Amino acid sequence: MYLSVSSHKRLPTIGLRGGVTPLDLPLGRGAAAAVSGQWARKGSLASHCSASCEGHQALRGHTTAMHRLTGKSGGDSLIEMSPTDSFSEDLNGYHQHASSSMGSFQQEESGSPLVIDVCLETCESLRSSIASQASSDQSNTPRHDSFTLEQIDVLTGFWRRRALFLKYRSRIQKQQQSKDSVFFRDGVRRIDFVLSYVDDKDGERKQERRRVFEANLVKVGLELEIEDKSESDDRKTYFVKIHAPWEVLATYADVLKIKVPFKANDIPDNSEMPMNWLSTPFRLPEPIMQPEPDFFTAPFNKSKSDFFLIEDRDKFFLPSTRNRIVYYILSRCSYIRDECGERDKKGIKRLLNNSTYTAAFPLHDSRYWTKSKDVNCDSDRYNLYKYWAGFFSFFKEQPLNLIRKYYGEKIGLYFAWLGFYTEMLFFAAVVGTLCFVYGVLTYDDNEWSKEICSDEIGGNIVMCPLCDKKCGFWKLNTTCNSSWQSHLFDNVGTVFFAIFMGIWVTLFLEFWKRRQARLEYEWDLVDFEEEQQQLQLRPEYETKCNSRKLNRITQEMEPYLPITSKCARICLSGATVLLWISLIIACIIGVIAYRLAVYAAFASIMKDSPTSNLEVVGPYITPQLATSVTASCINFVIIMILNLMYERVAVWITDMEIPKTHLEYENKLTVKMFLFQFVNYYSSCFYVAFFKGKFVGYPGDYAYMFGKWSKLRNEECDPGGCLIELTTQLVIVMTGKQVWGNIQEALVPWLMNWWASRKARSYPESLYSRWEQDHDLQGFGQLGLFYEYLEMVIQFGFITLFVASFPLAPLLALFNNIIEIRVDAWKLTTQFRRPVAAKAHCIGAWEEILNGMAVLSVVTNAFIVAFTSDMIPRLVYMYAYQPEGEMNMKGYINNSLSVFNISEIPLPNRPEDGENPLWFNSSITTCRYRDYRNPPGHENQYSHTMQFWHILAAKLAFIIIMEHVVFLVKYFVAWMIPDVPSDVKARVKRERYLVQEYLHNYEVEKLKIQLSQQSHSECTCTPMIYPSLTKHEVLSECL
C-alpha cells in the first residue's frame, strides 16, 4: 500500500524482504517537529534512534548513486534518454511493485528534515508499529511475525527506516486525503497515461513482459508510479501511472512536428455579423467558446525552444497533446528483450490483446458533475458536461474549441461536421414540411382518389386476383385509404423537393468544405496530411514488413510491403467483401420470397378477419400492409444481426492488408464497412422502389420469381402506386435504426458502468481515485468514432437517395440529430474513458462517400419520380389523353387500367372455391389490372398500347432533363463557392510569412551573439557574413 500526501519531499525506503520500494513520505518541518515532540523520549533508547539516523545517511549515499533502473531498448523508433538530457534538475523516478522481479529507484532530494525528526521516536513505538503494520504491508511478500527488541537492535538503517514509515503511515492514514487527483503523489508531476493489469494464471510470462516493457518506458524517459491492488476497489487491479517530463515531450513534439504558438495573432477579427444580438440566446460564455487565445503557430523545434512562447513548461503542451505523445511511445515500445529477436513484439495494443494489461487510457481531469478541487486542473470535463452534454442545451452552439482542446482534433471535427449537418438539415426540413403541407392542402383536389373511392366508378371496377388460388376478385374502392395516403407524398411538390434536395446536397458539401478549411487553420491542421503520411506509420506496418527500400525523398531505408504480397492481400480482401455482400443479397432475396409467400396467406386470413370491421383502423389493415410491415421488421432484424457479424470480418481483413498509415487504415476500413452497410440498409428500399411491380406480366402470363415451378408470383403495386410502400419501408428502417441506435448508445454504456462500479459506490469520495473512476468506465475503442460517422452517413443516404418518396425524412433526421449530438456528448463525457487525442485534417474517406452519395441521389430520385411515382403517367394523360381536352384528371383511373377476359385466366391462376367474395357471380366476365395493354378482341390483344410507349418516353425524358438540370446547377454552385474562404487564405499566408520572418530574426540574433563572442575572444576583424547582409538577402539565401 502506498500513501499519498501532498508534499515536495520524497523518501525512498528499502522493503523488508530486500525489494526496493519507493515510498513518498511527505512531511514538512512543522509536522515533523510536532511528531518528534509528541513521540520523543529520554533514556537509553535514544541510541537506537541514533543508529537509525546513521543507517539513513548510508542509504542516502547508496540511493543517490542509483539514478534509475533501465531495461532493454524499446526499438529503433524510440529515442533513449539519458540523465544529462533533462532540461530540469528533476531526475526520472520509477516505481515498481514488489511482485515484479525488477527493483525501482528514485532520485532523492537532499536536505530533508524528516530524518532527524523521525529518528527521535522511540524504538518501543517502532517495535509496536512493525507488529501492527506487518499484516497491512500490501506487497506480495509473506506476512511477518512480530519483532522483538533484540531483533530491532540488529536491524540495519534500511529496516529501521521502513519500519518508521509504516508507523507514521498508521498515524496519518485516517486523515482525509483525496485521491481524486491527476498528479503523482508528489502533487507536481501530471499523470499523462494509466495502464492497469491483474495477476492471473499466466502471471510469470506477463510479469516478464510488463517488466521489460516498463523498463523500456523508463529508458526512453517516462516516469512511472505503481498503485498496489490493495488500493483498488476490486482488490485485484494494479495501476501504472505514467508521466512524461519536459525532455520527453520536447523531443517527441519535435519528432511529430507538433505546432505550438510563437506569436499572438495580430490579424483583426472582422467576422462580426449584422444583428448579431439575435444569436445571443444560442451563445455560450466566451471562456467556454474560446478557452485559449489565438496564436500564430509553427512546428516545434527542440533546439530552438526559446523561439516559442513558453511561459510554463508544465502547461505549455495541452493534456490532449501530452497523452498523444505518450501513446505514440507506448505503441512503439518493445516488451521482449532484444536478444530474443522477435521484432513484432512491441506496442501497447498487442499487450492489451494478450491481456498483459487490461486497459490503457489517459485520465479525465475531474468528475463531470463538479469542478476539480485542484487549482492546477482546468475542469474541462465539468464545463463540457455543464454547457454541452445536457439535453436542455440542445439549442446552444457547441464549444468546438473546448472539445478540440480536451478530446483532440479528430473528435472535434466529428462534432463540427455533425453540428453543421444538423444546421443544414433545418432548411431541408422546412422545405420538405412545406411540400407535405401542400399535399395536405390539395387533399380534396385529388381527382383520381375520388374516382377510386366512389361507388359509381371504384365500386363497379372488378380487379383481377393479386395472387394464385388464395386470392379472389376484388373491387377497386377497397384501396381508397391507401390512395389518399399516397397523395400526401406523391404530388407535384414531390418533384420540386427532389430537385431541391439535389441542389441542397451540393450546398451542404461545398459549405462544409469552407467550414472545414477554417477549422484546419484555427486548429493548426494545415499541411497535416503530409506529416501524417510520413510520421504516423502504424507500428504493425513497421513490424510486419520485413523488406526495406530506399525512400527517394528522405534517402532513408524504410519498411515496405512487396507488390506481390500486397496484390494477394487485396484480392483476398476483395473476395471476402464480395462474399459478404452476396450473403446480404441472398438474405434480401429471402425476405422478398417471404413477401411473396405470405401475401396469399394474409389475403386468405384477413378476408374474414374481425379487424376489418374496426371503425378507425379496420380499412387500413390490408394484406399489402401486413406483408410490407412484417417484411420490413424481419429485414431490420436481419440487418442488425449481419452488422454484428460483419464488423469483426471487416476489421480482420483490413488488418490483413497491413495498411501503412493510420489514415490509410481508417480509409480502407471505412470503405469496406460502408459498402456492406450500403447493401445491408438500402437493398430493401431499392427493391420496393425499382423492382416491385415492374416485372409482373399480365393475368394470362404472370412472371414468377424463380420460374413457374416456385409458385412465387412477383408482387404487384396497389392501384395507388408503390410509392406508399416505399414510404412505409423507409420510415420503418430509418426510424427503427435511429431509435434503436440512441437507446443502445445511451443505455448500454450506462448499465455496464453501473454494474462495474457497484463496489466503489460505497467508498468515500476521497478514496475513489481518479484512475479507478476512469477504469470503471467503458473504453471508447479504436472504432468508436467510426460507428458515429457510419450512423450519420447511413442516415444521410436515407434522406437523399429516397427523399422523393418521403419529404418528411429530413424533419425526422433533424429531430434525431438534435438528440444525437447531446447523447454523443453525454456518453463521451460521462460514460467513456477519455479517448487518446488524435489529429485529423478532414473527415477522411467519409467526405468522398458523401460526394458519391450526392451524385447517386440525383439519379435515384429521378428514377423514383419517373418509375415509382405515378406523376409522369398522370401528366401524360392530362396533356395528351384526356378525352374532353380539359386540363384535369377525370377518367384517369379507367384509362390506367387494362381489361382481361376472366375465361382466359389459366386454371393455376384462378381463385379456389370459396375465395371469391359473395358479390362475385358469373355475370362478371372481365377484370381489370394495372397496365397499358390492348383489350381482348383487339388484333394485338394484351400487347402494350401506344400510350405505354409515350409514357415510357416521357419517363426517360424526365430522367435525362432532371439529371442534367440538377448536375448543371450542382457544378455551377460548386464552381461559384470556393473551398477555402479568402480570409483563411490570407491568414495562412500571413502565418507562413511570419514563421520565416521570425525564424530569420531569431537566427540572425543568435549568429550575432556568437560572432560577438568570437570577436572578443579570438578575432578582431569585422564579420563579413550574415550580419552585413540585409534581411531580404538573408531570407532569400536561406530559401
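Cβ atoms here come from the backbone N, Cα and C positions, even for glycine.
What TrEMBL records for this protein:
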- 183-400: domain 'Anoctamin dimerisation' (DOMAIN)
- 403-991: domain 'Anoctamin transmembrane' (DOMAIN)
- 414-441: transmembrane segment (TRANSMEM)
- 492-512: transmembrane segment (TRANSMEM)
- 577-605: transmembrane segment (TRANSMEM)
- 625-646: transmembrane segment (TRANSMEM)
- 669-690: transmembrane segment (TRANSMEM)
- 793-815: transmembrane segment (TRANSMEM)
- 956-977: transmembrane segment (TRANSMEM)
Using a Cβ distance cut-off of under 8 Å, indicate which of 492-512, 577-605, 669-690 has the most pairs with the transmembrane segment (625-646).
577-605
Relative to the transmembrane segment (669-690), which of 414-441, 492-512, 577-605, 793-815, 956-977 accounts for the most Cβ pairs at distances under 8 Å?
577-605
Cβ pairs under 8 Å only, please: of the recorded stretches 414-441, 492-512, 793-815, which one is richest in them relative to the transmembrane segment (956-977)?
492-512
Are there residues at least six beyond either end of the transmembrane segment (414-441) with Cβ under 8 Å to its Cβ atoms? List them, or say none.
397-398, 400, 403, 487-489, 491-494, 496-497, 500-501, 504, 507-508, 511-512, 515-516, 519, 785, 788-789, 792, 796, 799, 803, 807-811, 813-814, 817-818, 820-821, 824-825, 843
Chain residues in Cβ proximity to the transmembrane segment (793-815) (below 8 Å; excluding those fewer than six residues from its ends, i.e. six or more beyond):
421-422, 425-426, 428-429, 431-433, 435-436, 489, 493-495, 497-498, 501, 505, 674, 677-678, 681-682, 685, 689, 723, 726-727, 730-731, 733-735, 737-738, 846, 849-850, 853-854, 856-857, 860-861, 864-865, 868-869
For the domain 'Anoctamin dimerisation' (183-400), provide the mean pLDDT of the predicted model.
86
